[in-house]
Structures are given as C-alpha cells and as structure tokens.
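For reference, TrEMBL lists these features for the protein:
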type	residues	note
TRANSMEM	12-30	transmembrane segment
TRANSMEM	80-98	transmembrane segment
TRANSMEM	105-123	transmembrane segment
DOMAIN	123-283	domain 'Lipase maturation factor 1/2 N-terminal'
TRANSMEM	157-176	transmembrane segment
TRANSMEM	218-238	transmembrane segment
TRANSMEM	250-277	transmembrane segment
TRANSMEM	297-317	transmembrane segment
TRANSMEM	393-414	transmembrane segment
DOMAIN	438-580	domain 'Lipase maturation factor 1/2 C-terminal'
REGION	655-735	region 'Disordered'
COMPBIAS	657-667	compositional bias 'Basic and acidic residues'
COMPBIAS	676-686	compositional bias 'Basic and acidic residues'
COMPBIAS	687-725	compositional bias 'Acidic residues'
Amino acid sequence: MGEIRLPSHMFLWCLSAVYMFAFASLYVQIPGLYGNEGVLPARWQLRVSGKSVVEQLKDSPTLLWFGPRLGLDTQQCMELLSLTGALLSLMTLALPVLRDCRVFLLLWILYLSLYQVGQVFLYFQWDNLLLETGFLAILIAPMKMPWSSKVRLHDNVTFWLVRWLLFRLMFASGVVKLTSRCPTWWGLTAVTYHYETQCIPTPLAWFAHQLPVWFQKLSVVGTFVIEIAVPFMFFSPIRRHRLVAFYMQVLLQVFIILSGNYNFFNILTITLCMSLLDDRHVNFWLRRSTPKTESTLLQTLFSWLAVMLEIGSYALLGYWSVKYFDLQVDWENKSVSSKTAFTYFEFNGFLKTVTVPSIWIGVLSLTWEIVSAMFKCACVRGVLWRLWNTIQWAVMTAATVSMFAISLVPHTYIEYDAHSNLWPGIRTAFEVTDRYQLVNSYGLFRRMTGVGGRPEVVIEGSMDRNTWTEIEFMYKPGNMSAAPPVVAPHQPRLDWQMWFAALGPHTQSPWFSSLLHRLLQGKRDVIRLIQTDESQYPFSKQPPAYLRAHRYKYWFSEPKEDGSYPQRWWRRVYVEEFYPMVHLGDSYLEQMLVQHGLKDKAPPRRSSTAWLPQLLRLVGQHAREIPTPLLLWTLFSSAATVCLLNSLRSRAHHHQRESLQNKHADKQPSGWTRSDVAEEDVKKLEEEDVKDDAEEDGKEQEEDATSEEEQEGEIEEEVNTEETDVDRLRKRKQF
C-alpha cells in the first residue's frame with residue numbers, strides 16, 4: 001500500500017456520519033422501545049442487586065449503571081447517552097480537530113452501553129459491525145489534542161485491520177449463502193424474491209422486480225463473484241487490483257441502497273472500502289497533480305509484469321465465472337443463461353482449500369505492513385524521535401496482531417477443520433473479549449425468506465368486536481396502495497422486528513405480546529413508533545378495546561398488459577390468524593406476559609423534577625416531532641456544509657499563499673532589495689498564520705494539508721536563504 005493519509009481521514013469522517021445516524025435514529029425510538037412504559041423496558045435489564053459499581057460493570061459493561069447518581073432512571077440515562085453520542089459524532093463530522101482517538105473511544109463506549117440493554121431490537125449484525133469498526137477507529141485515529149503529530153509511521157499497520165474486517169464481512173456473506181443450502185441461492189433465483197420480500201423495500205425495488213429472470217439470475221452470479229472471489233484482491237500487491245475491488249464492492253452496495261432500506265449498514269460497508277484506496281487515487285479524484293518520477297528500466301519491466309498479471313487474473317476470474325455458473329449467451333433471445341455447475345460437496349472442498357490460505361494471506365500482508373513501518377521508524381532522524389516512533393510502532397503493532405489473532409475465531413466459523421485447529425489460547429482470548437463486541441461473525445442474507453409470498457403481520461383493533469380497523473405502520477408494507485418508503489439511514493427497529501415476527505409463530509417473538517398490551521393501554525410512546533403523526537393512528541382518541549393480528553402474504557403487483565402501471569403497489573392473500581383476539585385483563589394475554597417475564601412487578605419510579613430530566617424531556621418532545629429520516633439528513637447536511645466552508649476557506653488561504661510567493665517574479669518596488677521583499681512577505685505570512693491559528697482553533701485542513709506543507713517547506717527554504725544573504729550584507733557594512 002502507498003500513503004493512506006487521505007483514505008484514513010475519509011474513513012474517520014464517514015464513520016463519524018455513521019455514528020451520528022445510529023445514535024440519532026435510536027434516540028427518537030428509546031421511549032417506545034425501552035422506556036418505562038415501552039415494549040421492552042430497559043430497566044428490567046439492570047436489576048438492583050446491592051453489588052458495587054465495579055462488579056456491576058463486570059456483569060454488564062454499560063454506563064447506565066451511573067444513571068441513579070445523576071438522578072436519572074434507565075430511560076432518561078439511555079436518552080442522555082444517545083443524545084450525547086449524536087451531538088459528539090455530529091461535531092466530529094464537522095470539525096477535523098475532534099477526530100481524535102479519545103473521542104472515538106467515547107463514542108464506542110456510548111454505543112456499547114446502549115447495546116448491552118438493547119435486547120432484540122439492537123441485536124442486528126450492523127450494530128455488531130459498527131462496534132467492531134468503532135473500536136478499530138480508536139487505533140486508527142490520531143491523538144490531536146492538545147497537540148497533533150503529523151507523522152504517524154504506524155498508520156498503515158492499524159489501517160490494515162479495516163481491510164481485514166472488510167474481507168471477513170464480504171467473504172463470509174458470500175459463503176453462508178451457499179453453505180446454508182438455500183435452494184434459491186443454489187438455483188440463482190434468490191433475487192427474483194429478494195426485492196419484494198426484504199424488510200422495507202424502496203420504490204425502485206418494484207421496478208427491479210419486473211426485470212427479466214435471466215438478468216436477475218445473472219445478478220446473483222455477480223453477487224457471488226463480488227463477495228467470494230473479489231475479496232482476495234484486497235491483499236494483492238498490485239495497486240489496480242485493489243482499486244478494481246473497491247469499485248466493485250461500492251457498486252454492489254449502491255445497488256442495495258437503491259433497492260432497499262438497510263439503514264446505515266451499506267454506508268458503513270462503503271466506509272470500510274476506504275481501506276482499499278491510497279493518497280494517489282484520492283488526489284486523482286480531487287484533480288490534484290502528483291509529482292511524476294522518471295522510472296528506471298527495472299521499474300518499467302515490473303510495471304509491465306504487473307499489467308500482465310492483472311490481465312491474467314481478470315481472465316481467470318472470467319473463466320471461472322463462465323465455467324462454474326455455466327454462462328451461455330443466447331443471441332436469438334438476447335439473454336444470458338446461467339446455472340450452478342458445482343455441487344455442495346465440491347463447494348465444501350473449496351472452503352477447506354481456501355480458508356487456511358486466506359489466513360496466511362492475511363499474515364503475509366500484515367507482516368509486510370509491519371516490516372515497512374519498522375524500516376520507516378529506523379530512518380527517522382534524531383535519536384529521541386526515532387525512539388518515540390519505534391515505541392508507537394511497537395504498541396500499535398502488538399494491538400494489531402492481537403486483534404487479528406482473535407478475529408480468526410469468528411472468521412473460521414465457516415469451516416470446521418480450520419476452526420478446530422486454532423490455538424486454544426486464541427479461543428480463550430476471544431471468549432474474554434466477546435462481551436465487548438471487538439470481533440464478530442457475519443453472514444448476511446443466509447437464506448431467502450418469503451419464497452411463496454412475503455409474510456406480513458397486520459394488527460387490527462376494534463371497540464365492539466364487530467368493526468375492525470387495520471393499524472398501519474409508517475414504514476412496513478400494510479396498505480396495498482401506499483408506495484414503499486425511503487427511510488435510510490434511519491432504522492425503524494419495531495418495523496424490522498415485525499418482519500422477523502411474521503416468519504414464525506408469535507411465541508417466537510415474546511415482545512409482540514408486550515406490544516399489544518401497550519397498545520391496549522394506549523401508551524403514546526409506543527403509538528409514536530407506529531405513527532409519528534398520531535392523527536394517522538385510528539385509535540388516537542381512545543385506545544382499542546380489542547386487538548388481534550392476522551398473517552397475510554404480500555406480492556408486488558404486476559404491470560398491466562398494455563404496459564401501464566397498476567394503481568396498487570401490492571397484492572395480498574389472507575393466510576391465518578397470528579394472534580388471537582385479546583383485551584386488557586385477558587387471561588391468554590396475561591399468561592403470555594407472565595410466561596416471558598414481561599409483566600411489571602413494580603411500578604416505575606416517579607419522574608424527577610430536576611433540571612437534567614426536564615431538559616431531556618424538552619429536547620425529546622421537539623426532536624420527535626420531526627420525521628426521523630428528515631432529521632438525520634438535516635443534521636448530516638449541516639455538518640457537511642461546515643466541512644465544505646472550511647475546505648473553501650482553506651483553498652482561498654492556499655491561493656493567497658501562492659500569490660505572495662509569486663510577488664518576487666511579478667514586481668519589486670523601487671529601492672527595495674530582494675531580501676527586503678522576502679522579509680516583508682514572511683512577516684505577512686506569519687501574521688496570517690497567527691490569525692488563522694486563533695480562528696481555526698487548531699483545525700486541520702485535510703484536503704490541502706499535503707500541498708500546504710510542501711509550499712511551506714519551499715517558503716522556509718527560500719526565507720532561510722534570503723535571511724542568510726541579509727546577514728552577510730549587514731556584516732560587510734559593519735566591517
């Protein structure tokens with residue numbers, strides 16, 4: 001890898017945005033999900049046991065234990081943590097000086113604290129991925145306050161962990177689709193069901209669903225290639241291999257974003273892809289000129305050899321795709337036929353062949369980065385600076401190797417023999433750190449659900465048991481005429497769990513009984529999870545006396561024969577009863593609540609009248625009046641605008657420096673010597689630097705940092721020579 005200063009800055013900036021999306025999205029849902037009168041009150045997870053704070057933190061590492069010391073209950077403390085995380089990540093997004101390792105440590109602790117009591121609504125793979133990525137950011141981010149070190153020779157070592165995480169995520173996601181033996185993935189027909197059966201599709205998903213079957217099967221082939229074969233290019237010594245892999249991964253994520261609402265997950269995956277870039281390619285995006293060096297004959301030969309290897313690898317990748325998926329072009333029908341041309345046992349043999357070598361590829365790649373960083377430290381001038389950089393390199397290398405070692409445990413879950421042959425000490429270390437979510441196993445879309453139709457639970461309410469009214473959710477399918485929404489990067493966690501609940505009986509989703517209980521009680525916080533605008537909720541004036549739930553199967557509607565679009569987006573068929581009719585005090589409902597431990601044993605503590613709880617209630621009331629997707633994009637746009645203004649200001653300052661440099665050639669006032677002009681320019685530059693330092697408050701201008709350092713170096717050299725000339729002239733006058 002070349003220099004990665006700009007990609008690492010981009011990684012930290014994007015991760016700040018993801019943190020902001022995650023905290024703010026969760027913040028608006030806390031009262032309904034985890035409040036004292038929510039679906040799954042978080043206070044049930046923090047039972048008072050008389051233990052010390054240290055023992056409580058060992059049992060459950062969360063800052064929520066300190067809530068009572070601030071006069072806050074569990075719900076208010078969760079709101080405080082999520083609001084703090086949202087504001088801190090928003091400031092980190094806008095101000096480069098805050099992209100500090102200690103700030104990212106605090107963000108990670110805040111999200112881990114919420115995760116510990118999140119229960120089923122916070123146990124998604126992207127929550128685990130955010131925690132793992134957030135911990136890596138602690139190792140990658142510099143320590144900027146109160147000083148900033150521009151030279152960090154170990155950056156390539158720690159940043160390599162992001163590339164390894166991306167490899168584990170994509171490779172496992174591709175492998176589990178085939179190891180699950182799901183017939184839709186093996187038959188290459190998964191995408192024909194995916195668009196309409198995913199949790200919350202977008203409007204574009206309806207149009208993608210209408211694409212010809214041969215094209216959708218071909219897209220499954222492309223998915224397997226991108227997720228299983230291409231990740232090995234992440235560690236290629238050929239730079240263009242990594243760039244091609246970057247664009248292929250980003251292309252897949254963009255397609256997923258366009259067709260489905262997967263909250264911040266796809267943005268986070270694109271953030272991980274920054275580890276495949278280098279400064280040279282980012283400068284190419286920014287249209288910055290890079291210094292060209294004359295290549296020797298040996299370098300030319302190596303470059304031609306790399307081109308030949310690159311072309312050969314692409315040809316081999318295409319050959320394997322054609323061979324193992326039996327790709328054939330049908331020129332008459334203008335289509336491409338495809339089918340799986342290997343068996344499950346052959347694929348298992350492939351896994352046994354590549355799992356252990358993938359580990360050794362990681363070892364060799366990491367070793368190269370470690371040795372390269374070590375030689376850079378050895379070349380630093382000055383004994384103290386060399387010692388300081390060597391200590392930093394040793395500490396960060398030890399941390400990187402440790403993270404890589406424990407990540408082998410979840411990485412080898414995909415292959416039994418490789419996992420069983422791991423050193424027991426590594427498994428012990430993984431078990432010790434598992435509660436902190438430092439490393440995790442991944443495997444998205446393991447099996448395709450809804451093959452015979454998308455199952456959907458519809459809740460109905462009534463006042464008299466005769467007239468029933470459907471309760472529509474804001475985001476999940478219900479009303480057949482309502483268009484699919486666009487809600488990313490917000491994740492409506494109740495809507496997501498309703499999708500999972502529809503896949504089985506209600507007994508597999510104990511929280512559903514609690515949801516019906518809260519709706520019968522008319523709890524406003526829970527109602528706002530279903531409809532932010534309570535006027536859209538059919539029982540806003542009076543809670544329903546009876547509730548029941550039915551299971552339907554939904555399908556996307558088909559275009560009309562004349563090619564025009566139908567009036568409805570969905571069509572549905574009734575399947576069965578999902579939950580029997582219940583009312584407050586109903587024996588069956590009470591039995592389910594008691595059986596799953598969802599019955600309140602003690603009333604919640606009265607709300608405090610102190611200033612902090614009052615402030616939290618005031619902020620929550622105003623924030624939850626705004627549609628959450630609009631709120632998230634407004635916050636992001638505000639921070640991005642601040643970044644853009646800082647960048648434009650930095651460019652203006654850079655051009656001003658250049659104009660001062662060119663004064664020597666443009667004009668020289670009469671009676672002034674060259675040294676006088678140089679001294680005057682230096683004074684102006686120093687005055688401007690003092691003003692900028694006071695106004696910027698230590699901000700780091702990322703985009704122009706490299707060019708400014710080069711310009712400053714040239715100015716300093718020129719000033720030094722001019723000052724030397726002035727001193728010589730003065731000495732001659734004295735003698």
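Placement of Cβ uses the backbone N, Cα and C atoms for every residue, glycine included.
TrEMBL does not curate its annotations; it predicts them automatically.
Bear in mind that the values here come from a model prediction, so they are computed numbers and not experimental data.
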Mind tallying the domain 'Lipase maturation factor 1/2 C-terminal' (438-580) by DSSP state, helix then strand then coil?
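The domain 'Lipase maturation factor 1/2 C-terminal' (438-580) comes out at 33 helix, 34 strand, 76 coil.
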Ranking 105-123, 297-317, 393-414 by Cβ pairs under 8 Å to the transmembrane segment (80-98), which is first?
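Between the stretches 105-123, 297-317, 393-414, 105-123 has the largest tally.
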Can you tell me which recorded stretch out of 12-30, 105-123, 218-238, 250-277 has the most Cβ pairs within less than 8 Å of the transmembrane segment (297-317)?
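If we count Cβ pairs closer than 8 Å to the transmembrane segment (297-317), 218-238 scores highest.
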Any chance you could find the range in 12-30, 105-123, 218-238, 250-277 with the most Cβ pairs under 8 Å to the transmembrane segment (157-176)?
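The stretch I would name here is 218-238.
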Between 0 and 100, where does the mean pLDDT of the domain 'Lipase maturation factor 1/2 N-terminal' (123-283) sit?
93
